[in-house]
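Structure first, then comments.
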Amino acid sequence: MIKEAIGSLVLGKSLTLEQSASVMDEIMEGKTTPAQIGAFLTALRVKGETAEEIAGLANVMRAKSTRISTSTPVLDIVGIGGDGINTFNISTTAAFVISGAGIKVAKHGNRAASSMCGSADVLEALGIKIDLNAEQVKICIEQIGIGFMFAPVFHPAMKFVAPSRREIGIRTVFNILGPLTNPASAQYQLIGVPEIGLGDKIISALCHMDIKHALVVHGLDGMDEMSISGDSVIWELKDKEIIKFRHTVSPREMGLEQVSLQAVKGGAAEENALTLRAILSGAKGPKRDVVLLNAAAALMVADKIDTIAEGISLAAEIIDNGLALNKLESLIKLSQSLASG
């Protein structure tokens, strides 16, 4: 199938959902060569990925991951990355706030690819054991309401793709598949994208996936998160129907002060870990505000509240009551205990 797919792509022809799924199945089963994988990824990038191609690839990659089955539906909040802005770990900080609201969070992430500090890097710097197996992460999610799935542990079949990706050295569809391939089958998702056009594709791809409620967000300043330095664009999907498309949200409308992008910049893992802990401990300022905004959007996705404005108030209450910090401390303690046997 991969040879036929490459032939179609170089002619500018898009693949169907089923064709792209068949190609990914061959790749994940180790039935393709590195040269074929490199040619496929390059041809797909040059043509430009369609929503159906993205969904077909993502559905198989998720199915081939090491799965986690939870007793209740879970939420994931993640930025695709690649915005080049180097903010602190906004989504990761927000994850503890969301968990503090009683939403089960299955955070799926990796080390930094294009930024200085990925979710895995900052969690490790906080003392969390990031390389837990599926059963151990499930215990974290069920017992304390939040767990972290380190992508290399949960996607062993990516070993077939890694050499080709490294050798061709360009951004490929795999750079955007991570947020769509949560091993716990997150039914609720907030996904940040670095470009508007990518938001259009991702929300359309989610229509072909097993998702109950999702928001795709983009800061018009370039952030792959909701921004407080300018307006943000959101796309919303509920029960496989797109109900918002390129809807604009202003921080001022939400009662938040608009600040420069510099105010939410981050650094290396140790610095970002201190920032995360300070925010969850109640520190005020722009970094708290951007976490409140993104946590609020995720709380709306989880159907905890009806509007983002309502979610901001709830997120602030969760932080100020110490519930978010408690989730962080609990995950540090439990992950270390599980890792030590």
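The backbone N, Cα and C atoms fix where each Cβ goes, glycine too.
Feature annotations, reproduced from Swiss-Prot:
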BINDING   Gly79, Asn110  anthranilate 1 binding site
BINDING   Gly79, 82-83, Thr87, 89-92, 107-115, Ser119  5-phospho-alpha-D-ribose 1-diphosphate binding site
BINDING   Ser91, Glu225  Mg(2+) 1 binding site
BINDING   Arg165  anthranilate 2 binding site
BINDING   Asp224, Glu225  Mg(2+) 2 binding site
Spatially closest candidate among Thr87, Ser91, Arg165, Asp224, Glu225, the listed binding-site residues, to Asn110 (anthranilate 1 binding site) (Cα to Cα): Ser91
Separation of alpha carbons, His108 (5-phospho-alpha-D-ribose 1-diphosphate binding site) and Asp224 (Mg(2+) 2 binding site) (Å): 16
Residue pair Glu225 (Mg(2+) 1 binding site), Gly79 (anthranilate 1 binding site) - Cα distance, angstrom, rounded: 6
Surrounding CB atoms that lie within 10 Å of the CB of Ser114 (5-phospho-alpha-D-ribose 1-diphosphate binding site), all protein chains: 14
Those binding-site residues, out of Thr87, Arg111, Ser114, Arg165, that come within 10 angstroms of Gly79 (anthranilate 1 binding site) at the Cα: none
Nearest-integer angstrom distance between the alpha carbons (Cα) of His108 (5-phospho-alpha-D-ribose 1-diphosphate binding site) and the residue listed as 'anthranilate 2 binding site': 20
